[in-house]
Amino acid sequence: MPMLSGKAWKAESKTKRGEEKDRAQGYRTMMNNTENKESKTVIARRQGLTDLGLGLTGLTDHPRKMFLGPRFVWRVFPILKWSRSYNTSTGIGDLIAGITVALTLIPQSIAYASLAGFEPQYGLYASFAGGFVYAIMGTCPQINIGPTALLSLLTFTYTNGKNPDYAILLCFIGGIIQLLAGIVQLGFLVEFVSLPVVSGFTSAAAITIASSQIKGLFGLSFNAETFISTWREVFNHIGSTRYEDTLLGLSCCVVLMGMKALKDIKLKDSQDEKVGRIVVLQRSLWFAGVARNAVVVVIASVVAFFVHEDKNRPLILTGNITPGLPAPQPPPFYTIIGNTTVSAGEMLSHLGSGLLVVPLVGVISNVAIAKAFSKGRTLDATQEIVALGACNIIGAFFRSFPVNGSFTRSAVSDASGVRTPAAGFYTGIIVLLTLGLLTPYFYFIPRAALSAVIVCAVLNMVDIAIIKRLWRTNRLDLIPLLGTFVFGLILGVELGLGCGVAIDMLLLLYYQSRPRLDIRYVDESGFPPHYSMHPVGGLHFASAEKVRSKIISLRNRKRIDTLENLTVVADGMVINGTAEPRATPNILVIYCHAVCRLDYTFLQVVQNWQSITAVNA
(Lines of atoms letter the chains of each structure in order from A and count residues from 1; the text may use other names and numbers.)
(Lines give C-alpha, C1' and ligand atoms only; values in the text may rest on other atoms or scores of the structure.)
Protein backbone atom coordinates (compact mmCIF):
# COMPACT_ATOMS: atom_id res chain seq x y z
CA MET A 1 0.00 0.00 0.00
CA PRO A 2 1.89 3.13 -1.18
CA MET A 3 1.95 6.10 1.12
CA LEU A 4 4.13 9.08 2.01
CA SER A 5 7.36 8.02 3.72
CA GLY A 6 8.57 9.58 6.96
CA LYS A 7 11.42 11.52 5.31
CA ALA A 8 9.18 12.82 2.56
CA TRP A 9 6.58 13.89 5.10
CA LYS A 10 9.21 15.77 7.15
CA ALA A 11 10.54 17.50 4.04
CA GLU A 12 7.07 18.53 2.96
CA SER A 13 6.27 19.86 6.46
CA LYS A 14 9.51 21.88 6.49
CA THR A 15 8.67 23.36 3.11
CA LYS A 16 5.20 24.38 4.31
CA ARG A 17 6.63 26.02 7.43
CA GLY A 18 9.01 28.01 5.27
CA GLU A 19 6.20 29.14 3.01
CA GLU A 20 4.11 30.24 6.00
CA LYS A 21 7.08 32.17 7.42
CA ASP A 22 7.66 33.97 4.12
CA ARG A 23 3.95 34.71 3.85
CA ALA A 24 3.87 36.28 7.33
CA GLN A 25 7.01 38.34 6.55
CA GLY A 26 5.35 39.57 3.37
CA TYR A 27 2.31 40.69 5.32
CA ARG A 28 4.52 42.62 7.77
CA THR A 29 6.28 44.40 4.94
CA MET A 30 3.02 45.23 3.19
CA MET A 31 1.46 46.63 6.35
CA ASN A 32 4.53 48.66 7.34
CA ASN A 33 4.46 50.30 3.92
CA THR A 34 0.84 51.32 4.39
CA GLU A 35 0.58 54.89 5.62
CA ASN A 36 -3.05 54.77 6.72
CA LYS A 37 -3.45 52.96 10.06
CA GLU A 38 -7.03 52.08 9.25
CA SER A 39 -5.83 50.35 6.07
CA LYS A 40 -3.44 48.26 8.17
CA THR A 41 -6.30 46.99 10.28
CA VAL A 42 -8.37 46.17 7.19
CA ILE A 43 -5.46 44.30 5.60
CA ALA A 44 -4.78 42.38 8.79
CA ARG A 45 -8.38 41.26 9.10
CA ARG A 46 -8.59 40.43 5.39
CA GLN A 47 -5.50 38.22 5.59
CA GLY A 48 -6.75 36.43 8.70
CA LEU A 49 -3.91 37.56 11.02
CA THR A 50 -4.18 37.10 14.76
CA ASP A 51 -6.47 39.62 16.46
CA LEU A 52 -6.00 40.04 20.19
CA GLY A 53 -9.66 40.82 20.67
CA LEU A 54 -8.92 44.30 22.02
CA GLY A 55 -8.91 46.04 18.67
CA LEU A 56 -5.20 45.54 18.00
CA THR A 57 -3.44 43.12 15.68
CA GLY A 58 -0.52 41.11 16.99
CA LEU A 59 1.83 41.60 14.03
CA THR A 60 1.58 45.39 13.92
CA ASP A 61 1.08 46.75 17.41
CA HIS A 62 3.75 47.29 20.01
CA PRO A 63 2.79 45.96 23.50
CA ARG A 64 2.75 49.51 24.85
CA LYS A 65 0.26 50.56 22.17
CA MET A 66 -1.83 47.46 22.80
CA PHE A 67 -2.71 48.52 26.34
CA LEU A 68 -2.13 52.27 26.29
CA GLY A 69 -2.98 53.29 22.73
CA PRO A 70 -6.10 55.23 21.75
CA ARG A 71 -7.65 52.25 19.95
CA PHE A 72 -7.46 50.23 23.16
CA VAL A 73 -9.27 52.98 25.07
CA TRP A 74 -11.97 53.27 22.41
CA ARG A 75 -12.46 49.50 22.37
CA VAL A 76 -12.68 49.07 26.14
CA PHE A 77 -14.87 52.16 26.70
CA PRO A 78 -17.56 52.14 23.99
CA ILE A 79 -19.21 55.15 25.64
CA LEU A 80 -16.61 57.29 23.86
CA LYS A 81 -18.16 56.26 20.54
CA TRP A 82 -21.92 56.50 21.07
CA SER A 83 -21.79 59.54 23.39
CA ARG A 84 -20.64 61.74 20.47
CA SER A 85 -24.06 61.38 18.82
CA TYR A 86 -26.12 61.39 22.02
CA ASN A 87 -29.05 63.81 21.85
CA THR A 88 -32.30 64.70 23.61
CA SER A 89 -34.39 62.14 21.74
CA THR A 90 -31.98 59.35 22.62
CA GLY A 91 -31.83 60.52 26.23
CA ILE A 92 -35.62 60.44 26.60
CA GLY A 93 -35.75 56.90 25.23
CA ASP A 94 -33.06 55.78 27.67
CA LEU A 95 -34.75 57.56 30.58
CA ILE A 96 -38.07 55.81 29.95
CA ALA A 97 -36.33 52.45 29.62
CA GLY A 98 -34.25 53.05 32.76
CA ILE A 99 -37.29 53.91 34.88
CA THR A 100 -39.27 50.96 33.54
CA VAL A 101 -36.43 48.52 34.21
CA ALA A 102 -36.01 49.93 37.74
CA LEU A 103 -39.64 49.08 38.53
CA THR A 104 -38.80 45.46 37.69
CA LEU A 105 -35.33 45.43 39.21
CA ILE A 106 -36.11 46.75 42.71
CA PRO A 107 -38.63 44.09 43.78
CA GLN A 108 -36.59 41.39 42.05
CA SER A 109 -33.38 42.44 43.80
CA ILE A 110 -35.03 42.22 47.23
CA ALA A 111 -36.40 38.78 46.37
CA TYR A 112 -33.09 37.53 44.93
CA ALA A 113 -31.21 38.65 48.05
CA SER A 114 -33.52 36.39 50.03
CA LEU A 115 -32.86 33.58 47.53
CA ALA A 116 -29.11 34.05 48.02
CA GLY A 117 -29.60 33.85 51.79
CA PHE A 118 -28.87 37.49 52.66
CA GLU A 119 -30.73 40.49 54.03
CA PRO A 120 -32.82 42.46 51.49
CA GLN A 121 -30.51 45.47 51.30
CA TYR A 122 -27.78 43.33 49.72
CA GLY A 123 -29.99 42.86 46.68
CA LEU A 124 -30.18 46.63 46.29
CA TYR A 125 -26.41 46.93 46.84
CA ALA A 126 -25.93 44.55 43.90
CA SER A 127 -28.29 46.51 41.65
CA PHE A 128 -26.75 49.93 41.05
CA ALA A 129 -22.98 49.58 40.45
CA GLY A 130 -23.40 47.23 37.49
CA GLY A 131 -25.67 49.71 35.72
CA PHE A 132 -23.09 52.51 35.96
CA VAL A 133 -20.12 50.36 34.92
CA TYR A 134 -21.90 48.63 32.05
CA ALA A 135 -23.08 51.98 30.70
CA ILE A 136 -19.42 52.90 30.27
CA MET A 137 -18.00 49.57 29.09
CA GLY A 138 -20.99 47.63 27.68
CA THR A 139 -21.90 47.26 24.03
CA CYS A 140 -25.50 45.98 24.15
CA PRO A 141 -28.06 48.71 25.04
CA GLN A 142 -30.68 46.22 26.21
CA ILE A 143 -28.63 44.41 28.85
CA ASN A 144 -29.27 45.27 32.50
CA ILE A 145 -26.65 44.06 34.97
CA GLY A 146 -27.87 43.09 38.42
CA PRO A 147 -28.97 40.18 40.60
CA THR A 148 -30.45 37.19 38.77
CA ALA A 149 -32.20 34.07 39.99
CA LEU A 150 -29.52 31.77 38.57
CA LEU A 151 -26.48 33.44 40.14
CA SER A 152 -28.39 34.02 43.38
CA LEU A 153 -29.02 30.28 43.59
CA LEU A 154 -25.35 29.50 42.88
CA THR A 155 -24.28 32.08 45.45
CA PHE A 156 -26.52 30.42 48.03
CA THR A 157 -25.04 27.03 47.11
CA TYR A 158 -21.47 28.13 47.85
CA THR A 159 -22.10 30.53 50.76
CA ASN A 160 -24.98 28.87 52.61
CA GLY A 161 -24.57 29.31 56.35
CA LYS A 162 -21.84 31.94 55.97
CA ASN A 163 -21.95 35.71 56.29
CA PRO A 164 -22.17 38.03 53.25
CA ASP A 165 -18.39 38.53 53.19
CA TYR A 166 -18.04 35.19 51.41
CA ALA A 167 -20.41 36.29 48.63
CA ILE A 168 -18.65 39.65 48.27
CA LEU A 169 -15.27 37.93 47.95
CA LEU A 170 -16.81 35.51 45.43
CA CYS A 171 -18.05 38.49 43.44
CA PHE A 172 -14.60 40.12 43.46
CA ILE A 173 -12.57 37.02 42.55
CA GLY A 174 -15.17 35.98 39.96
CA GLY A 175 -14.94 39.42 38.37
CA ILE A 176 -11.15 39.19 38.19
CA ILE A 177 -11.42 35.79 36.49
CA GLN A 178 -13.92 37.17 33.97
CA LEU A 179 -11.77 40.22 33.28
CA LEU A 180 -8.63 38.13 32.74
CA ALA A 181 -10.56 35.68 30.57
CA GLY A 182 -11.59 38.54 28.33
CA ILE A 183 -8.11 40.08 28.15
CA VAL A 184 -6.26 36.84 27.31
CA GLN A 185 -8.98 35.69 24.89
CA LEU A 186 -10.31 32.72 26.85
CA GLY A 187 -13.85 33.44 25.77
CA PHE A 188 -13.63 30.53 23.34
CA LEU A 189 -14.00 28.19 26.33
CA VAL A 190 -17.65 29.19 26.46
CA GLU A 191 -18.06 27.44 23.11
CA PHE A 192 -17.48 24.09 24.83
CA VAL A 193 -20.82 24.49 26.60
CA SER A 194 -23.41 23.57 23.98
CA LEU A 195 -26.94 24.94 23.80
CA PRO A 196 -28.53 21.64 24.95
CA VAL A 197 -26.33 21.72 28.07
CA VAL A 198 -27.22 25.37 28.73
CA SER A 199 -30.91 24.59 28.28
CA GLY A 200 -30.78 21.61 30.63
CA PHE A 201 -28.83 23.64 33.18
CA THR A 202 -31.21 26.61 33.18
CA SER A 203 -34.28 24.36 33.30
CA ALA A 204 -32.90 22.43 36.29
CA ALA A 205 -31.96 25.71 37.98
CA ALA A 206 -35.44 27.15 37.37
CA ILE A 207 -37.16 24.14 38.93
CA THR A 208 -34.72 24.17 41.85
CA ILE A 209 -35.30 27.89 42.42
CA ALA A 210 -39.08 27.55 42.23
CA SER A 211 -38.95 24.62 44.66
CA SER A 212 -36.84 26.61 47.11
CA GLN A 213 -39.61 29.25 47.27
CA ILE A 214 -42.32 26.78 48.27
CA LYS A 215 -41.49 27.39 51.91
CA GLY A 216 -42.03 31.12 51.40
CA LEU A 217 -45.35 30.59 49.65
CA PHE A 218 -46.61 28.27 52.40
CA GLY A 219 -45.04 30.15 55.32
CA LEU A 220 -42.77 27.22 56.27
CA SER A 221 -39.39 27.42 57.97
CA PHE A 222 -36.62 24.91 57.24
CA ASN A 223 -33.15 24.67 55.71
CA ALA A 224 -32.52 22.76 52.48
CA GLU A 225 -30.06 23.12 49.60
CA THR A 226 -30.98 20.67 46.84
CA PHE A 227 -34.18 19.96 44.94
CA ILE A 228 -34.72 16.59 46.61
CA SER A 229 -33.99 17.79 50.15
CA THR A 230 -36.30 20.78 49.65
CA TRP A 231 -39.31 18.64 48.78
CA ARG A 232 -38.50 16.19 51.56
CA GLU A 233 -38.59 19.04 54.07
CA VAL A 234 -41.79 20.42 52.52
CA PHE A 235 -43.60 17.13 53.13
CA ASN A 236 -42.10 16.87 56.63
CA HIS A 237 -43.36 20.36 57.57
CA ILE A 238 -46.60 20.40 55.60
CA GLY A 239 -48.57 20.41 58.86
CA SER A 240 -47.02 23.78 59.78
CA THR A 241 -48.45 25.57 56.74
CA ARG A 242 -49.53 29.17 57.43
CA TYR A 243 -52.77 29.58 55.52
CA GLU A 244 -52.65 33.38 55.45
CA ASP A 245 -49.24 33.35 53.74
CA THR A 246 -50.38 30.58 51.40
CA LEU A 247 -53.48 32.49 50.34
CA LEU A 248 -51.52 35.70 49.76
CA GLY A 249 -48.68 33.94 47.92
CA LEU A 250 -50.94 32.02 45.55
CA SER A 251 -53.03 35.13 44.94
CA CYS A 252 -49.88 37.05 44.02
CA CYS A 253 -48.90 34.28 41.57
CA VAL A 254 -52.29 34.45 39.87
CA VAL A 255 -52.18 38.24 39.63
CA LEU A 256 -48.60 38.23 38.30
CA MET A 257 -49.41 35.74 35.56
CA GLY A 258 -52.58 37.62 34.68
CA MET A 259 -50.80 40.97 34.49
CA LYS A 260 -48.05 39.42 32.40
CA ALA A 261 -50.68 38.45 29.83
CA LEU A 262 -51.85 42.09 29.66
CA LYS A 263 -48.76 43.27 27.80
CA ASP A 264 -49.37 40.72 25.03
CA ILE A 265 -52.94 41.87 24.32
CA LYS A 266 -53.25 43.49 20.89
CA LEU A 267 -56.13 45.94 20.51
CA LYS A 268 -57.52 46.73 17.06
CA ASP A 269 -60.11 49.27 15.94
CA SER A 270 -60.90 50.43 12.44
CA GLN A 271 -62.38 53.80 13.43
CA ASP A 272 -59.88 56.62 13.01
CA GLU A 273 -61.26 58.73 15.87
CA LYS A 274 -60.57 55.91 18.32
CA VAL A 275 -57.01 55.23 17.20
CA GLY A 276 -55.54 57.60 19.81
CA ARG A 277 -57.51 56.00 22.62
CA ILE A 278 -56.52 52.53 21.47
CA VAL A 279 -52.84 53.49 21.46
CA VAL A 280 -53.06 54.95 24.96
CA LEU A 281 -54.92 51.90 26.25
CA GLN A 282 -52.46 49.55 24.53
CA ARG A 283 -49.49 51.26 26.13
CA SER A 284 -51.21 51.32 29.52
CA LEU A 285 -51.79 47.57 29.37
CA TRP A 286 -48.19 47.01 28.33
CA PHE A 287 -46.85 49.17 31.17
CA ALA A 288 -49.07 47.38 33.69
CA GLY A 289 -47.68 44.07 32.51
CA VAL A 290 -44.09 45.28 32.67
CA ALA A 291 -44.46 46.85 36.14
CA ARG A 292 -46.39 43.86 37.53
CA ASN A 293 -43.74 42.97 40.12
CA ALA A 294 -43.75 46.44 41.66
CA VAL A 295 -47.56 46.64 41.56
CA VAL A 296 -48.04 43.28 43.26
CA VAL A 297 -45.42 44.00 45.93
CA VAL A 298 -46.99 47.39 46.73
CA ILE A 299 -50.52 45.94 46.96
CA ALA A 300 -49.33 43.04 49.11
CA SER A 301 -47.49 45.49 51.40
CA VAL A 302 -50.64 47.58 51.82
CA VAL A 303 -52.61 44.46 52.74
CA ALA A 304 -49.92 43.42 55.22
CA PHE A 305 -49.93 46.90 56.77
CA PHE A 306 -53.67 46.83 57.50
CA VAL A 307 -53.74 43.27 58.88
CA HIS A 308 -50.57 43.70 60.92
CA GLU A 309 -50.87 43.80 64.70
CA ASP A 310 -48.12 44.08 67.28
CA LYS A 311 -49.06 40.87 69.06
CA ASN A 312 -50.69 38.95 66.25
CA ARG A 313 -48.76 38.81 62.96
CA PRO A 314 -50.73 36.79 60.40
CA LEU A 315 -48.10 37.31 57.68
CA ILE A 316 -44.33 36.80 57.67
CA LEU A 317 -42.82 40.17 56.75
CA THR A 318 -39.47 41.22 55.32
CA GLY A 319 -38.71 43.29 58.41
CA ASN A 320 -36.22 46.09 58.87
CA ILE A 321 -33.93 46.90 55.96
CA THR A 322 -30.73 48.80 56.68
CA PRO A 323 -31.22 52.25 55.08
CA GLY A 324 -28.61 54.37 53.35
CA LEU A 325 -26.00 53.91 50.68
CA PRO A 326 -23.17 51.40 51.17
CA ALA A 327 -19.85 53.08 51.87
CA PRO A 328 -17.20 52.05 49.32
CA GLN A 329 -14.65 49.73 50.90
CA PRO A 330 -12.21 47.05 49.72
CA PRO A 331 -13.55 43.49 49.40
CA PRO A 332 -13.17 41.47 52.61
CA PHE A 333 -10.03 39.33 52.59
CA TYR A 334 -10.89 38.03 56.04
CA THR A 335 -14.04 37.72 58.09
CA ILE A 336 -15.02 37.14 61.70
CA ILE A 337 -17.43 34.34 62.58
CA GLY A 338 -18.19 34.35 66.28
CA ASN A 339 -14.84 34.78 67.98
CA THR A 340 -12.88 33.23 65.11
CA THR A 341 -11.06 35.15 62.38
CA VAL A 342 -11.25 33.37 59.02
CA SER A 343 -8.42 34.17 56.60
CA ALA A 344 -8.76 34.78 52.87
CA GLY A 345 -7.22 31.39 52.12
CA GLU A 346 -9.82 29.62 54.23
CA MET A 347 -12.61 31.63 52.60
CA LEU A 348 -11.36 30.75 49.11
CA SER A 349 -11.02 27.11 50.11
CA HIS A 350 -14.65 27.09 51.24
CA LEU A 351 -15.82 28.68 47.98
CA GLY A 352 -13.97 25.97 46.04
CA SER A 353 -15.31 25.28 42.56
CA GLY A 354 -17.66 28.26 42.88
CA LEU A 355 -14.71 30.48 41.94
CA LEU A 356 -14.92 28.99 38.44
CA VAL A 357 -18.57 27.91 38.14
CA VAL A 358 -20.10 31.28 39.10
CA PRO A 359 -18.07 33.44 36.65
CA LEU A 360 -18.46 30.82 33.91
CA VAL A 361 -22.25 30.74 34.24
CA GLY A 362 -22.31 34.53 34.35
CA VAL A 363 -20.32 34.78 31.12
CA ILE A 364 -22.43 32.17 29.32
CA SER A 365 -25.72 33.83 30.18
CA ASN A 366 -24.44 37.36 29.51
CA VAL A 367 -23.06 36.51 26.06
CA ALA A 368 -26.25 34.59 25.24
CA ILE A 369 -28.39 37.62 26.12
CA ALA A 370 -26.15 39.93 24.09
CA LYS A 371 -26.46 37.60 21.07
CA ALA A 372 -30.24 37.45 21.46
CA PHE A 373 -30.54 41.25 21.31
CA SER A 374 -27.74 41.96 18.81
CA LYS A 375 -30.34 42.13 15.99
CA GLY A 376 -27.86 41.35 13.26
CA ARG A 377 -25.11 43.60 14.58
CA THR A 378 -21.61 42.23 15.08
CA LEU A 379 -21.23 41.25 18.72
CA ASP A 380 -17.96 41.88 20.53
CA ALA A 381 -18.16 38.93 22.93
CA THR A 382 -14.72 39.67 24.36
CA GLN A 383 -15.74 43.18 25.38
CA GLU A 384 -18.92 41.79 26.95
CA ILE A 385 -16.81 39.47 29.12
CA VAL A 386 -14.49 42.34 30.09
CA ALA A 387 -17.45 44.58 30.95
CA LEU A 388 -19.10 41.90 33.09
CA GLY A 389 -15.85 41.32 34.96
CA ALA A 390 -15.51 45.04 35.64
CA CYS A 391 -19.11 45.18 36.91
CA ASN A 392 -18.41 42.45 39.46
CA ILE A 393 -15.06 43.91 40.54
CA ILE A 394 -16.47 47.41 41.10
CA GLY A 395 -19.64 45.99 42.65
CA ALA A 396 -17.62 44.11 45.26
CA PHE A 397 -16.44 47.48 46.62
CA PHE A 398 -20.12 48.29 47.32
CA ARG A 399 -21.03 45.01 49.08
CA SER A 400 -22.45 43.31 45.99
CA PHE A 401 -22.78 39.57 45.47
CA PRO A 402 -22.19 38.12 41.93
CA VAL A 403 -24.30 39.68 39.18
CA ASN A 404 -24.83 39.30 35.45
CA GLY A 405 -27.33 40.25 32.77
CA SER A 406 -31.00 39.43 33.24
CA PHE A 407 -32.95 38.23 30.20
CA THR A 408 -36.26 39.37 31.71
CA ARG A 409 -35.09 42.90 32.46
CA SER A 410 -33.24 43.09 29.13
CA ALA A 411 -36.47 42.20 27.32
CA VAL A 412 -38.28 44.93 29.28
CA SER A 413 -35.57 47.41 28.33
CA ASP A 414 -35.80 46.45 24.66
CA ALA A 415 -39.59 46.78 24.65
CA SER A 416 -39.30 50.18 26.37
CA GLY A 417 -37.36 51.61 23.42
CA VAL A 418 -33.86 51.76 24.89
CA ARG A 419 -31.31 53.49 22.66
CA THR A 420 -27.92 53.18 24.37
CA PRO A 421 -26.35 51.57 27.45
CA ALA A 422 -26.89 54.92 29.22
CA ALA A 423 -30.23 53.53 30.43
CA GLY A 424 -28.17 51.79 33.12
CA PHE A 425 -27.27 55.22 34.53
CA TYR A 426 -30.92 56.08 35.12
CA THR A 427 -31.70 52.66 36.58
CA GLY A 428 -28.74 52.95 38.95
CA ILE A 429 -29.80 56.42 40.09
CA ILE A 430 -33.32 55.19 40.91
CA VAL A 431 -31.88 52.29 42.93
CA LEU A 432 -29.67 54.73 44.86
CA LEU A 433 -32.68 56.93 45.60
CA THR A 434 -34.54 53.85 46.78
CA LEU A 435 -31.71 52.94 49.14
CA GLY A 436 -31.57 56.45 50.53
CA LEU A 437 -35.29 57.23 50.85
CA LEU A 438 -37.60 54.22 50.55
CA THR A 439 -36.04 51.38 52.57
CA PRO A 440 -38.11 52.10 55.73
CA TYR A 441 -41.27 51.41 53.73
CA PHE A 442 -40.09 47.92 52.75
CA TYR A 443 -40.70 46.61 56.26
CA PHE A 444 -44.22 45.41 55.40
CA ILE A 445 -43.34 43.51 52.21
CA PRO A 446 -44.64 39.95 52.81
CA ARG A 447 -42.21 37.09 52.22
CA ALA A 448 -44.95 35.23 50.35
CA ALA A 449 -45.18 38.07 47.81
CA LEU A 450 -41.41 37.98 47.20
CA SER A 451 -41.56 34.20 46.74
CA ALA A 452 -44.35 34.66 44.21
CA VAL A 453 -42.21 37.17 42.30
CA ILE A 454 -39.33 34.68 42.10
CA VAL A 455 -41.50 31.72 41.10
CA CYS A 456 -43.20 33.63 38.29
CA ALA A 457 -39.86 35.06 37.11
CA VAL A 458 -38.17 31.66 36.68
CA LEU A 459 -41.04 29.81 35.01
CA ASN A 460 -39.97 31.05 31.58
CA MET A 461 -36.48 29.61 32.13
CA VAL A 462 -37.81 26.07 31.66
CA ASP A 463 -37.27 25.39 27.95
CA ILE A 464 -39.62 22.61 26.85
CA ALA A 465 -39.77 23.59 23.17
CA ILE A 466 -36.11 22.68 22.64
CA ILE A 467 -36.91 18.97 23.10
CA LYS A 468 -39.06 18.98 19.97
CA ARG A 469 -36.42 20.87 17.99
CA LEU A 470 -33.65 18.48 19.01
CA TRP A 471 -35.83 15.47 18.20
CA ARG A 472 -36.18 16.79 14.64
CA THR A 473 -32.53 17.74 14.13
CA ASN A 474 -30.19 15.50 16.14
CA ARG A 475 -31.66 13.18 18.74
CA LEU A 476 -28.27 12.46 20.29
CA ASP A 477 -28.27 16.05 21.57
CA LEU A 478 -31.05 15.00 23.93
CA ILE A 479 -28.49 12.97 25.90
CA PRO A 480 -26.49 15.97 27.27
CA LEU A 481 -29.73 17.94 27.68
CA LEU A 482 -31.42 15.29 29.81
CA GLY A 483 -28.16 14.40 31.57
CA THR A 484 -27.60 18.00 32.65
CA PHE A 485 -31.22 18.36 33.73
CA VAL A 486 -31.44 15.11 35.73
CA PHE A 487 -28.03 15.42 37.40
CA GLY A 488 -28.77 19.09 38.11
CA LEU A 489 -31.88 18.15 40.07
CA ILE A 490 -30.28 15.21 41.88
CA LEU A 491 -26.74 16.46 42.58
CA GLY A 492 -27.17 20.23 42.36
CA VAL A 493 -27.07 22.62 39.43
CA GLU A 494 -23.31 23.20 39.59
CA LEU A 495 -22.50 19.48 39.42
CA GLY A 496 -25.21 19.03 36.80
CA LEU A 497 -23.45 21.56 34.59
CA GLY A 498 -20.17 19.68 34.96
CA CYS A 499 -21.86 16.37 34.14
CA GLY A 500 -23.52 17.88 31.08
CA VAL A 501 -20.23 19.26 29.74
CA ALA A 502 -18.56 15.88 30.37
CA ILE A 503 -21.32 14.04 28.48
CA ASP A 504 -21.02 16.51 25.61
CA MET A 505 -17.25 16.02 25.46
CA LEU A 506 -17.66 12.24 25.38
CA LEU A 507 -20.08 12.53 22.46
CA LEU A 508 -17.68 14.89 20.70
CA LEU A 509 -14.79 12.44 21.19
CA TYR A 510 -17.00 9.63 19.94
CA TYR A 511 -17.65 11.51 16.71
CA GLN A 512 -13.99 12.47 16.34
CA SER A 513 -12.84 8.87 16.83
CA ARG A 514 -15.01 7.74 13.92
CA PRO A 515 -14.16 9.98 10.97
CA ARG A 516 -15.84 9.50 7.64
CA LEU A 517 -13.44 7.40 5.53
CA ASP A 518 -15.35 6.72 2.27
CA ILE A 519 -13.38 3.58 1.29
CA ARG A 520 -14.05 2.36 -2.27
CA TYR A 521 -12.83 -0.39 -4.57
CA VAL A 522 -11.43 0.91 -7.88
CA ASP A 523 -10.91 -1.29 -10.93
CA GLU A 524 -10.27 0.67 -14.11
CA SER A 525 -8.27 -0.12 -17.22
CA GLY A 526 -4.84 1.42 -17.05
CA PHE A 527 -4.71 1.18 -13.26
CA PRO A 528 -4.18 -1.86 -11.09
CA PRO A 529 -7.10 -2.79 -8.83
CA HIS A 530 -6.82 -0.83 -5.61
CA TYR A 531 -8.69 0.73 -2.73
CA SER A 532 -9.20 4.47 -2.46
CA MET A 533 -9.74 6.12 0.91
CA HIS A 534 -11.12 9.65 1.16
CA PRO A 535 -10.97 10.59 4.88
CA VAL A 536 -12.89 13.69 5.92
CA GLY A 537 -11.91 15.71 8.99
CA GLY A 538 -9.00 14.96 11.30
CA LEU A 539 -6.80 11.88 11.50
CA HIS A 540 -5.48 11.89 15.05
CA PHE A 541 -4.88 9.68 18.07
CA ALA A 542 -8.58 9.23 18.85
CA SER A 543 -9.32 7.82 15.39
CA ALA A 544 -6.04 5.97 14.75
CA GLU A 545 -7.14 2.51 15.91
CA LYS A 546 -10.51 2.86 14.20
CA VAL A 547 -8.85 3.64 10.87
CA ARG A 548 -6.32 0.85 11.39
CA SER A 549 -9.06 -1.72 12.00
CA LYS A 550 -10.86 -0.55 8.86
CA ILE A 551 -7.76 -1.06 6.75
CA ILE A 552 -7.08 -4.47 8.27
CA SER A 553 -10.63 -5.49 7.37
CA LEU A 554 -9.82 -4.74 3.71
CA ARG A 555 -7.63 -7.85 3.67
CA ASN A 556 -10.80 -9.90 4.02
CA ARG A 557 -12.17 -11.00 0.62
CA LYS A 558 -15.75 -10.77 1.88
CA ARG A 559 -15.25 -7.08 2.50
CA ILE A 560 -14.73 -6.31 -1.20
CA ASP A 561 -18.24 -7.20 -2.23
CA THR A 562 -19.70 -4.47 -0.03
CA LEU A 563 -17.57 -1.62 -1.42
CA GLU A 564 -18.79 0.93 -3.91
CA ASN A 565 -17.04 0.90 -7.30
CA LEU A 566 -15.25 4.04 -8.48
CA THR A 567 -13.42 4.89 -11.70
CA VAL A 568 -10.60 7.46 -11.52
CA VAL A 569 -8.92 8.93 -14.59
CA ALA A 570 -5.45 10.49 -14.75
CA ASP A 571 -6.54 14.13 -14.84
CA GLY A 572 -8.20 13.84 -11.46
CA MET A 573 -11.80 13.73 -12.66
CA VAL A 574 -14.10 11.12 -11.15
CA ILE A 575 -16.32 9.05 -13.45
CA ASN A 576 -18.87 6.51 -12.18
CA GLY A 577 -18.36 2.95 -13.39
CA THR A 578 -18.78 -0.69 -12.45
CA ALA A 579 -16.23 -3.41 -11.90
CA GLU A 580 -16.18 -6.96 -10.67
CA PRO A 581 -13.59 -7.51 -7.88
CA ARG A 582 -11.13 -10.06 -9.25
CA ALA A 583 -8.80 -10.30 -6.26
CA THR A 584 -7.90 -8.65 -2.99
CA PRO A 585 -5.84 -5.55 -3.95
CA ASN A 586 -2.52 -4.86 -2.27
CA ILE A 587 -2.68 -1.12 -2.99
CA LEU A 588 -4.35 1.58 -0.92
CA VAL A 589 -4.48 5.18 -2.16
CA ILE A 590 -5.27 7.75 0.52
CA TYR A 591 -6.59 11.12 -0.67
CA CYS A 592 -5.90 13.72 2.04
CA HIS A 593 -7.39 16.79 0.39
CA ALA A 594 -10.21 16.83 2.99
CA VAL A 595 -7.97 16.12 6.00
CA CYS A 596 -7.69 19.15 8.27
CA ARG A 597 -5.42 17.72 10.97
CA LEU A 598 -2.82 14.97 11.31
CA ASP A 599 -0.97 14.16 14.55
CA TYR A 600 2.03 12.10 15.62
CA THR A 601 0.08 9.17 17.03
CA PHE A 602 -1.72 8.59 13.74
CA LEU A 603 1.56 8.74 11.81
CA GLN A 604 3.02 6.10 14.11
CA VAL A 605 0.05 3.87 13.39
CA VAL A 606 0.65 4.45 9.67
CA GLN A 607 4.22 3.23 10.04
CA ASN A 608 3.05 0.15 11.91
CA TRP A 609 0.94 -0.84 8.91
CA GLN A 610 4.18 -2.12 7.37
CA SER A 611 3.79 -5.24 9.46
CA ILE A 612 0.45 -5.91 7.75
CA THR A 613 1.43 -5.54 4.12
CA ALA A 614 4.37 -4.34 2.05
CA VAL A 615 4.80 -0.61 1.59
CA ASN A 616 5.61 0.65 -1.90
CA ALA A 617 7.15 4.09 -2.10
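Each Cβ is built from the backbone N, Cα and C atoms, and glycine gets one as well.
On a predicted model such as this, the values are computed, not experimentally measured, just so you know.
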Per TrEMBL, the range holding transmembrane segment, considering 132-154, 592-614: 132-154
Contact call for the transmembrane segment (351-373) against the transmembrane segment (91-112), three or more Cβ pairs under 8 Å: no
Stretch among 91-112, 284-307, 423-443, 448-467, 479-511 sharing the most Cβ pairs under 8 Å with the transmembrane segment (132-154): 423-443
Range from 91-112, 284-307, 385-403, 479-511 with most C-beta pairs under 8 A to the transmembrane segment (423-443): 91-112
Proximity verdict for the transmembrane segment (284-307) and the transmembrane segment (91-112), three or more C-beta pairs under 8 Å: yes
